[in-house]
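Visitor: Just dropping this structure here.
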Amino acid sequence: MALPTLPSYWSSRKHMDLRQRQHQQEDQFRQQWEQNSRYFRTWDIHNSKQIEWSSKISYQRSMHAYHCEKMKEEKRKILELRRERLRELLLEEQDLLAAELDELRLSMGLREQRLREQHQDLKSAREEQRKLIAERLLYEHWKKNNPKLRELELDLHKKHVINSWATQKEEKKQQEATEKQENKRLENQYAAARREAEARMRVEEERRQLEGRLQAEALRQQMEELKQKEMEATKLKKEQENLLRQRWELERLEEERRQMAALRRKTELGRFLKHQYNAQLNRRTQEIQEELEVDGRILQALLEKEGELQQVELARREQARADAAWMKQVIEEQLQLEKAREAELQQLLREEAKEMWEKREAEWAREQVARDRLMSEVLTGRQQQILEKIEQNRRAQEETLKHREKLIRSLEEGKQLAQRAKEESEELKLARKQELEAQVAERQGQEWEAARQEEEEEEEARQAEEHSNALLQQEAKTMAEKGYQPKLHGHLRIAWD
């Protein structure tokens, strides 16, 4: 009986189905990748718009538009109020003008009389004022031209000059002491302000350094978190690739299992038929050989017995030969019969083996169906788990990507804030340095101006004193040469400053 074989187109059909499934998987993976890319692009656009709408510039633009609209509304209300107020004032002014016109019409004569009285009063007041001025001028003229009063005034002037000079010296000393105290106070105030500014700058520098350290620590933590997220993303990508390889490996193992099951069925069928045929043939051959050996021993015993009895019973020898030949013929006939029976038995065994094989094949088919169903459920469950893990991996990658973008934006904002804080710190340092330099320059200018003014005052005082001494000497010399001459007009004497 020939062994069952499978058609050649089955294997080619299997390979075609396998390639088709692989292409379908690749198409499905590519579609999934395009869907993920489209999803990420959509989220990027959404995030950029969200950032733009929630940015400070958008907020300032909205608040500026709101304030402009509010100011326009307030201006419009104020303009309406002003118009209403002007309208009321115009009506009131018109009423007042009408009343005033009425009064003018009624009191024109009374007004002329009042004007005449006012003119007369003004004329009397001018006359009175002229009299007073004339009296005052006459008094001053008498006061200036009276010799006794002039001598008295000269004595008072000398006393005043002497007292004023001493007073001026005392005031000069007090002024110098006051200026020294003021300079000392200003120096102390300047030193205190400088110490306060230095302390404030130290505190600000410490605060800025602390903020820098905290910001650097935050940036370092964010960088570590970013590295961790990148490692998680790499791990998730590797895990996804591993899951895809496991999925392809399961499909390959399933295909190999089906092929091995078909090959095993063919091999088992051939092995069973061959083993059954060989076992029956060997067993029957041994039985025939044993029977032939038994028959041979029997015939040999008969022949030996015939030789022993040849001398005793010569008459019976022929009969023994005839019996031996007959037995040999019977054995040969029996051997032929056994061979025919063996052939018939072998044919019967093949049919029974075929029936047994068909029976076992049916049992194997049922068992194979059950095993295939169980394996299909197991493989389907495993594939479903792999797909769920792939989906979870995709979502985890999306979350990791979002968090990574958020961290990158936070890092950029941190860098911008650090740069802005650094620029503000530099500007503040420069402003404080310029302020201190301006204070120092102002203080030096004040000291220089005070010193210059003091020198000028001393020089003016010295020159005034020299000029006064020269004038006094010259006047004394002139008066001594001319003698006493009365003066008609005197002049106002003042003390030297």
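Cβ coordinates come from backbone N, Cα and C, glycine included.
Below are the features listed in Swiss-Prot for this protein:
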- 67-140: coiled coil (COILED)
- 166-271: coiled coil (COILED)
- 167-188: region 'Disordered' (REGION)
- 168-188: compositional bias 'Basic and acidic residues' (COMPBIAS)
- 258-424: region 'Trichohyalin/plectin homology domain' (REGION)
- 327-479: coiled coil (COILED)
- 441-497: region 'Disordered' (REGION)
- 444-453: compositional bias 'Basic and acidic residues' (COMPBIAS)
- 488-497: compositional bias 'Basic residues' (COMPBIAS)
Visitor: Where DSSP helix means H, G or I and strand means E or B, what are the helix, strand and coil counts for the region 'Disordered' (167-188)?
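Guide: Within the region 'Disordered' (167-188) the tally stands at 22 helix, 0 strand, 0 coil.
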Visitor: Going along the chain, which residues at least six beyond the ends of the compositional bias 'Basic and acidic residues' (444-453) come within the CB cut-off of under 8 Å?
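Guide: That would be 179, 183, 186.
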Visitor: Can you break down the compositional bias 'Basic and acidic residues' (444-453) into helix, strand and coil residue counts using DSSP?
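Guide: Secondary-structure breakdown of the compositional bias 'Basic and acidic residues' (444-453): 10 helix, 0 strand, 0 coil.
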